[in-house]
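For reference, TrEMBL has these:
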TRANSMEM  37-56  transmembrane segment
DOMAIN    37-229  domain 'Amino acid transporter transmembrane'
TRANSMEM  62-84  transmembrane segment
TRANSMEM  105-129  transmembrane segment
TRANSMEM  149-168  transmembrane segment
TRANSMEM  180-200  transmembrane segment
DOMAIN    232-362  domain 'Amino acid transporter transmembrane'
TRANSMEM  242-260  transmembrane segment
TRANSMEM  272-300  transmembrane segment
TRANSMEM  306-329  transmembrane segment
TRANSMEM  341-363  transmembrane segment
Amino acid sequence: MGYQEEEPVIPPQRDLDDRETLVSEHEYKEKTCQSAALFNVVNSIIGSGIIGLPYSMKQAGFPLGMLLLFWVSYVTDFSLVLLIKGGALSGTDTYQSLVNKTFGFPGYLLLSVLQFLYPFIAMISYNIIAGDTLSKVFQRIPGVDPENLFIGRHFIIGLSTVTFTLPLSLYRDIAKLGKISLISTGLTTLILGIVMARAVSLGPHIPKTEDAWVFAKPNAIQAVGVMSFGDLFENYCRNDDLVTFGRFCYGVTVILTYPMECFVTREVIANVFFGGNLSLVFHIVVTVMVITVATLVSLLIDCLGIVLELNGVLCATPLIFIIPSACYLKLSEEPKTHSDKIMSCVMLPIGAVVMVFGFVMAVTNPQDCTHGQEMFYCFPDNFSHTNTSDSHVQQTTQLPILNISIFQ
């Protein structure tokens, strides 16, 4: 019998169409996830943090503050490089597994505590910002009593938690927050535009601060730990319509950024207590518990400065300065004169100094909490501006006559 070559089996056109559809859907989902991840990263890095840089500049002095900003940026980038190199040396691919491999379970537990506290305290600060900012927005509504309970910071924090932050935080897939992060990033850009517009229109009419250009101030160490966010809109008058819109955008931004921090806290709890996986029931329970505690704390604390300072010096500093350097120094077999080892040896003690002295200064020398107080140039005797939301800004200034008693 001779061999008869079989003809190739040609799949039906319907099967080809289904296969092409599946491939195209897979590629679409992959591109969507990549875009969502990009927006989430941008929102996490920038978020509302860029709005509060003036607070750290005020703490350190503007010239030194700018230098510290670039230095912290470089150190953060270098720490990421150390984590990557440490992961390659230890055969691990996560921060937690790297520390666990290097320092064992005690190191892993310490890292987990820090990784939980940093976003958890950020959640508290976001609530404080949202309550303070949106309460000023609602007070501008005509006919609304400023003492109305329903526009108070406590009610706003509770309402925003129940209606926005809790439902968004209950998502199990962080990629679903991509569109939310895109909106938040867009609002941040709009806020920057408002701030720059007011810097141009109001700057020439506000008297200069005597120590505005001092190179360095005693609170520079605190500024290193707090290079994150602060309530910049406290510097503007409440009757400014354009700034009121900016406050509204700012409040929405921090509310939309809040779920990103909640995801991190929940992930840490899942890794430590549940082996990295949460059932649907425990997912809901853990999320509700974390948000409830953060909300209760934010209702009791209304001073943002001390919250940011303690979070920066106690959590961010060891996560960025100390732990990556310690891991690399223990794992690396490079000579002591290697550039990475020299830099690590410099970063580790500097981080320890910033953490210890920053904590002592934050506790013993707390900054004044000017929560809810108008700036001196917002009073009629010093500075008044009317119809600031119009295209043409009409301003009346009486700068030679300043009520000095306001400062006392």
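Including glycine, each Cβ sits where the backbone N, Cα and C put it.
What you see is a predicted model, and the numbers here were worked out from it, not measured in a lab.
Most Cβ pairs under 8 Å with the transmembrane segment (180-200) belong to 242-260, among the candidate stretches 105-129, 242-260, 272-300. DSSP labels the residues of the domain 'Amino acid transporter transmembrane' (232-362) in these numbers: 110 helix, 0 strand, 21 coil. When each of the listed stretches 62-84, 105-129, 242-260, 341-363 is scored by C-beta pairs under 8 angstroms to the transmembrane segment (272-300), 105-129 comes out highest. The stretch from 62-84, 105-129, 242-260 that makes the most Cβ contacts under 8 Å with the transmembrane segment (341-363) is 62-84.
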